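Take a look at the structure below.
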Ligand SMILES: [Zn+2]
């Protein structure tokens, strides 16, 4: 990070895809935006043909530290995030120990600060040990140095309706949000993949869409009833989209995210029995994928979240049933969104900025992120070359793990630079 | 075809070839020298992660009748039970020079995974709730031996279809061979997308029996009750068990099959299991011939 | 399961028989139908003579074309002696020494007459004797079925080029050939007509057939 204090003049970038302009970054903030800027002391970043986006924000990242540092650390995850154009990520609470106390969330937050590649905002567990029995000390985590606002038992569903109601009520006191991993546990006992034609043929225990949809419907009603704020993690089915649309139309304060992989991949990939495609929630059908894309386009789904879930090789080089669930996402997310949403005409770059930066920052109450690229704003900027393509090589990713489902695929677009409060974390496509 | 993983991979000609080959090889068990030199110098590994003396012995006998060297690698008392991964075991088998691996595993798709890790031929001897191809082949063989044909046969497969690898393999194979399959089970034991399968579906065994040439009963594990698949063993048996009264509803020529092991009194009454209609002991004998055929066709050539 | 169909492997021999196929012009008939019939009649008589009335004889044809030849010989013996001679077929596929050189082959039929082979004079019958490897395999196969008193060999065409110490007891026609030639036997039961054709050798990758 040799250029941390230097000023940078980004020349000719198209702001969220519009007309080219120069961006002068000084002292961690955006000093000026406009055509033909000059600053003799600034390092010039040629951005002709590049798209400038506000630094991306991920609401849903698994960094594995503490506990599984062999799969990912806060530092390696933050590098992967920077490489993917992110300036802030929310680190999920299902670490070991679980991030259910002020002590653990502060540890994670500090590790993120030390890494310097990306802001790491811890998510606090809703229940102690993710056990779904008793509330964790939500207030203490909110008041800690990490200032936790997003609470989630992700990986586990807060399935007890009474406990969910209490959590939703309780977080109102500090403007928190409960991010629900919607999965009815009884309906998904032993579940391996989306329940349907493919699971029946493969003899893999089915994971019915209703297990997700029933929880979302219930939680929307609870949220409306207690006047709180609900966020739905990784929406994966068409039915969920319809329920969310209905809940929003009633004025329910619910937001939702979709993962890049659910915007692209379908359950028939499981026919290889390669658990690289095993993920929670499972890959669904083409019809679901289409519904999710449309929902992201029309705002029923508010944002894209990666659910970046690193796993060591041995957790995937096994038979399907014993393999770990989850896939990498940080370094491919923007390319997948371009491929599924922009190149299909469903979303423009301003829409991408909203779905991948502004909305997640708003939901997570990160005031320093997701801001427009305008004078006086924190200089969190991502430069992206849309008119290129690259082949995904798992070994070349910054993540410590290699479990990407896109191995060998050609994806459009590459992040060429990421600035975190004026400091380049990625420059010329290389992590700094 | 390099492996036998699913009956869905077999064309009609290929499936018929297996049955024809098995019919020729069946003669060997009637000879004084019950051995052929065909697989001399070839190594077949039986890799069994589930206890199944019946299937393992059948494969072992089949391989030995073809003069292959047979190594039994069972989950008990080996590195397998000490938590070695399937992949590491596969690499070990590879290093041993296994020409063929017969694998039984509780996880669906385990045979597919193994096929990606070893050079030798992989024979799926049952993977989770997915498939059990040689069982379906021996069932089809038995039907053909008893009735003279498979095409046009009306076959009712009765029982826990949802969890049955035998049902999956049979539906695919019998469809390929031109039989008309009807699955019969309580709706809880049917896959949700069963209407997309190449077969008919019924919840009413009594209605199906008179129009049936072959009844194939699947094992129903009593522990399914705990997950509310059916209320009691008694109710299951009353609605779907094959007893003497139901046997009487079958056409006179119809046969009764069971892949074993049977739960007498649950899906089949002892009386029916031991009746002349029952092919249960033939199925065991035919299993060896069919497995010889599969081993020969996979390992006998270049 | 890439077993080659039996019909398919036989079909390999058909171009010479098919006048429209390439190479048909160069294949010539060395035995026609009546000549084949006469050769079989002569062999039948020789069998009767050598086995003193063929009382203990069992004829076993080697699939594919040895089988109809065995049946024809049995018919001729019966015509002469007025007594049926047991005949059957003996598939040698599982005993071949070249199995690994080609995809697994479909099996031919083995049908041993009810009398079995123990104590019998078994006459193996095949269409062409070439390297001798088929007969070697047949002897092995026979050995696993029982213990004949004697084994003899009847052949429609002996084309030479033996690779094993094997000779025929009864020969329809000795036909000196070059290795660049192939001998194709057509029989009415399988091919619609009787003929023995000599044509240019076709590449038979990995296959050492007695043709
Ligand atoms: Zn989750």
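Cβ coordinates are placed from backbone N, Cα and C, and glycine is handled just like the others.
Source: prediction; values computed, not measured.
Pulled from TrEMBL:
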- A:51-239: domain 'Dihydroorotase catalytic' (DOMAIN)
- A:60, A:62, A:154, A:307: Zn(2+) 1 binding site (BINDING)
- A:62, A:63, A:64, A:94, A:280, A:311: substrate binding site (BINDING)
- A:154, A:181, A:234: Zn(2+) 2 binding site (BINDING)
- A:307: active site (ACT_SITE)
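Not one of the binding-site residues listed as A:60, A:62, A:63, A:64, A:94, A:311 brings a Cβ under 6 Å of any atom of ligand 1.
Among the binding-site residues A:181, A:234, A:307, the residue whose Cα lies closest in space to that of residue A:63 (substrate binding site) is A:307. Residues A:60, A:92, A:152, A:155, A:179, A:180, A:182, A:183, A:233, A:280, A:281, A:307 surround the recorded Zn(2+) 2 site, their Cβ atoms falling within 8 Å of the Cβ centroid of A:154, A:181, A:234, which are themselves excluded. Note on the binding-site residues A:94, A:280: the fewest other CB atoms within 10 A surround the CB of A:280. Residue A:234 (Zn(2+) 2 binding site) has its Cα within 10 Å of the Cα of these binding-site residues: A:60, A:280, A:307, taken from A:60, A:94, A:280, A:307, A:311. With A:62, A:63, A:64, A:94, A:280, A:311 listed as the residues that bind substrate, the site has a largest C-alpha separation of 16 Å. Same-chain residues that are not part of A:60, A:62, A:154, A:307 yet have a Cβ within 8 Å of the Cβ center of the Zn(2+) 1 site turn out to be A:61, A:92, A:155, A:233, A:234, A:305, A:306, A:308, A:309, A:326. In the three-state DSSP assignment, the secondary structure recorded for residue A:60 (Zn(2+) 1 binding site) is strand. Within the same chain, residues at least six positions away from residue A:154 (Zn(2+) 1 binding site) with a Cβ under 8 Å of its Cβ are A:60, A:92, A:93, A:94, A:123, A:179, A:181, A:233. According to its DSSP assignment, residue A:234 (Zn(2+) 2 binding site) is coil.
This prediction places the mean pLDDT of the domain 'Dihydroorotase catalytic' (A:51-239) at 96. Taking only the Cα positions, the spacing between residue A:62 (Zn(2+) 1 binding site) and residue A:311 (substrate binding site) is 10 angstrom. Listed in sequence order, A:71, A:324, A:326, A:401, A:403 are the same-chain residues six or more apart from residue A:311 (substrate binding site) with CB atoms under 8 A from its CB. Within the same chain, residues at least six positions away from residue A:64 (substrate binding site) with a Cβ under 8 Å of its Cβ are A:71, A:72, A:73, A:77, A:95, A:310.
Cα of residue A:280 (substrate binding site) to Cα of residue A:307 (Zn(2+) 1 binding site): a span of 9 Å.
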